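S.K.: Supplied in structure tokens, the structure appears directly below.
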């Protein structure tokens, strides 16, 4: 009987690992579809009059509600909040939320002082910084092939950025010092912060066993508080006080808001189960999804850069999955 049980355990473990892999694949595909479709759906269903801050705040509220409903359905809501502490929440979610808020501010500064092509290309370095921060915090090493796959992915992301940015206007009126100190440095700093926040989220979920749904709730609340505080002096805040919170909204406006909230939950699931680096692969893949959807629904053919980037993305994903880092005896 003992030998029979011993033979079953590896099979059960393999079955469990396969189930986890299938879930990660499902979450990744759904996130790529959501991220890729979001620009088209937002453009179609969000009127120009809609105040951006009202849309973002509503999305964060919807994310909190959806996460709480999922936790209640799973039966983990009561236990999770009975074990909840302020210190744990600040460590797991508060710091990443603050970092993301600072990152977004830096991106806004950089975007105003760089042409869209340069901005998009430099913004892709967050993939590399995520891998570095993941190694420093979690000691998650990459094989030589995986490092090569990351560089392939960055090349693909740059090509996609060129394809996107070539059709947009450039900002050539800035001085070299302004471009460097208010453009290049802020976007690179934002990329470092993005990698750090992603690694911290992965650390909280994988090491501290913090629920990804709970992290979604906590980060949404912290982010909403920061955003709400900003309305006191921002143009959006003035617009909300003058026109009302839901100015320009229709029932159809909720479609992109709900889709964006779903994406936020999926980001948490992919990061907690697959890691921040693989999330980067999903986000870059979503850029190709956007190009394909534009071709299908708007008749806009993919650029040459997108066509060249497609095999690079597929190759990088295949390499990263096929050649994981193998622990050597000296590493044990």
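For all residues, glycine too, the Cβ spot is worked out from N, Cα and C.
Sharing the feature lines straight out of TrEMBL:
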type	residues	note
TRANSMEM	50-72	transmembrane segment
TRANSMEM	84-102	transmembrane segment
TRANSMEM	150-167	transmembrane segment
TRANSMEM	179-201	transmembrane segment
TRANSMEM	213-232	transmembrane segment
TRANSMEM	244-268	transmembrane segment
TRANSMEM	280-296	transmembrane segment
TRANSMEM	302-320	transmembrane segment
S.K.: Restricting to the same chain and to residues at least six past its boundaries, which positions have a Cβ under 8 Å from a Cβ of the transmembrane segment (84-102)?
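M.R.: Those are 193-194, 196-197, 200-201, 204, 208, 210, 214-215, 218-219, 222-223, 226, in sequence order.
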S.K.: Using a Cβ cut-off under 8 Å, which residues of the same chain at least 6 positions beyond either end of the transmembrane segment (50-72) come close to it?
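M.R.: For the transmembrane segment (50-72), the far contacts come to 80, 211, 213-214, 216-217, 220-221, 223-224, 227-228, 230-231, 234, 236-237, 239-240, 243, 245-249, 253, 256-258, 260-262, 264-265.
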S.K.: Six or more residues out from either end of the transmembrane segment (213-232), which same-chain residues have a Cβ under 8 Å from its Cβ atoms?
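M.R.: Residues 53, 56-57, 60-61, 63-64, 67-68, 70-71, 76, 80, 84, 89, 92-94, 96-98, 100-101, 201, 204-205, 240, 264-265, 268, 272 contact the transmembrane segment (213-232) from elsewhere in the chain.
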S.K.: Take the transmembrane segment (280-296) and find every residue of the same chain, 6 or more past its ends, with a Cβ under 8 Å from one of its Cβ atoms.
M.R.: 28, 31-37, 39-40, 124, 126-127, 130, 153, 156-157, 160, 163-164, 270, 302-303, 306, 309-310, 313, 316-317, 320
